[in-house]
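First the structure, in the form of structure tokens, and then the observations on it.
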Amino acid sequence: MTFTLMGIPGLEAQHLWLSLPFFSMFLAILISNGAILFMLAREPTLHTPMYLLLALLMVADLISTLALLPKLLCLFWFNDRDIAVNACFTQMFFIHGTSVVRSALLVAMAFDRFVAVCEPLRYNTVLSHSLVGRLGLMALAKGVILILPMPLLLQRLTFCHKVIPHTYCDHMAVVKLACDDTRPNQIYGLFVILLVVGLDLVLIGFSYGLILQAVIRLNSQDAIYKALNTCSAHLFVILITYVPALFSSLTHRLGHNIPPHAHILLANLYLLIPSMFNPIIYGMKTKDIQVKVAKCLCRRHS
């Protein structure tokens, strides 16, 4: 049994033109994330908790991109719409699983920033490499445990329709193709969204509430600026991760007058925007990375 991916409904004639921005994003994500990962691996001075968590986040971004874009580009370039059921469920697992892992890593990075601002003298003691490894494994376990039931629950269904009105195997898009009772699938999907987005945002908000408390107590303007600057890159990453995701989710549920192609484009962009901008934000806002990049460029020039 195979499904057929429709692509972007209503814009099928423009698929070839649409492939240009998507291919550009694909190259930008691979090059920027790959370059920073290579630099983090090569530079022992960057093997600190913050950069190790950043490396894990970029690995999750690359996996998400590789699960989404190659099939999407084949669809746009070669009209290759068919996808086997097992391949569809595998793609679903990796796309949704990496989203959960990314969110869990942002919580771990919020904890990292809390320790850096509130307990700077104990930073290396509290955030040891073994703790960072455990946080990474917990993020991975969360992604696997929460997302694996989705394809398993789908396997029990009978599908009346084969055409998925999407560019990838989105969980709810596949659920809607079934002719059986899909309430367990819908309830579980909503449970995962509420648990991941709701709980993770509460934990991030709690961390930043404690950081704000500590910042207010500082007497020096210089110290306040330094403390806020320590968190700025992470705050920008949180915004570009959660705002497009929440906006896409709200328009999907409430925006009944919004055309289908707008929903599909938003669903793709909320997956790709964080992967594309994370390296840029950390490159611009983190002095250590700027220094290492400048050194590499000077070395090549000389």
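Placement of Cβ uses the backbone N, Cα and C atoms for every residue, glycine included.
Over in TrEMBL, the protein carries these features:
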type	residues	note
DOMAIN	32-282	domain 'G-protein coupled receptors family 1 profile'
TRANSMEM	20-40	transmembrane segment
TRANSMEM	52-78	transmembrane segment
TRANSMEM	84-111	transmembrane segment
TRANSMEM	131-154	transmembrane segment
TRANSMEM	187-211	transmembrane segment
TRANSMEM	223-243	transmembrane segment
TRANSMEM	263-282	transmembrane segment
Distal contacts, the transmembrane segment (131-154) - CB-CB under 8 A, six or more residues away: 49, 52-53, 56, 89-90, 92-93, 96-98, 100-101, 104-105, 108, 111, 171, 174-175, 178, 184-185, 188-189, 192, 195-196
Overall pLDDT of the domain 'G-protein coupled receptors family 1 profile' (32-282), taken as the mean: 91
Highest-contact recorded stretch vs the transmembrane segment (187-211), from 20-40, 84-111, 263-282, CB pairs under 8 Å: 84-111
